[in-house]
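Read through the structure below, which is laid out as C-alpha cells, and then see the notes.
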Amino acid sequence: MPSKNGPLRVGIGGPVGSGKTALTEKLCKAMRERYSLAVVTNDIYTKEDAEALVRMQALPSERIVGVETGGCPHTAIREDASINLQAIADLNRRLPELDLVFIESGGDNLAATFSPDLADLTIYVISVCQGEEIPRKGGPGITKSDLLVINKKDLAPHVGADLEIMERDAARMRGEKPFVFSDMKRGDGVERIVDFLILHGGL
C-alpha cells in the first residue's frame, strides 16, 4: 500500500552495460500483478531507456517517464534530484494509487550514489564482464547500496571471472549488506531481488 509519504522509491544504479534496464524490466514484469508500479529513467540526451522499457512491454507507456539529464547523469540522482522528484510528483498526480517507483540512473561510475531525498532503497548493478576485481575496488555503489546485484554470472567462464573470488570480495566490502548473483537474460536472481524489496521496502 502506498504510504502518506507516497510510493516506495527504489534507485537502480550501475555502470553502462551492467544490466540496469534489463533488471528494471524483469522487476516490473515480476511485480506488476501485485503492485501499482511506475518507472523514471535517466538518460543524458535521449529517452532511450524509457523507450526500450515500453518496447519490452514492462509496463504501459503512461507508467514510464524518461528524463534527460544533460551532461552529468549522476547530478540528477544526487546533488540536484529535482528533475527526478518532479517526474515522480507528476506520476503520483496521474496515478495516485502508486505503490512503487523505480528510478533508473543514467550510466555512471562506481562513485555515483542516490540522494536519500530521492531513493528509499538503492540497488547497484555491476556485471561480471567488468572484471572479477570490481567488488574489491569498492566505491559507494559497491559498499553503501542496500542491495548489490552482480549480473551476467553466466558469462563468467567466457571472461575469465571467478565467481567465488567475487563473492568473497563482495562479502568483505559490504559487511552485513546483502548481494545477489544474477543472470537477467534468464531471469535468474529476480525472485530474490523482489523478496528483498518486499521485506525492506515494507510492501
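Even glycines carry a Cβ here, placed using N, Cα and C.
Here is what Swiss-Prot says about this protein:
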| type | residues | note |
| --- | --- | --- |
| BINDING | G14, P15, V16, G17, S18, G19, K20, T21 | GTP binding site |
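Taking the features listed in Swiss-Prot, we show where each one sits on the structure.
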| residue | record | contacts (Cβ under 8 Å, 6+ apart) |
| --- | --- | --- |
| S18 | GTP binding site | V125, I126, S127, Q130, N151, K152 |
| G19 | GTP binding site | V125, S127, V149, N151, K152, S182, M184 |
| T21 | GTP binding site | T41, D49, A52, L53, E104 |
What number of additional C-beta atoms lies within 10 angstroms of the C-beta atom of V16 (GTP binding site)?
12
In DSSP terms, helix, strand or coil for G14 (GTP binding site)?
coil
For each of G14, P15, G17, count the other CB atoms within 10 A of its CB; which of these binding-site residues has the top count?
G14
Collapsed DSSP category at K20 (GTP binding site):
helix
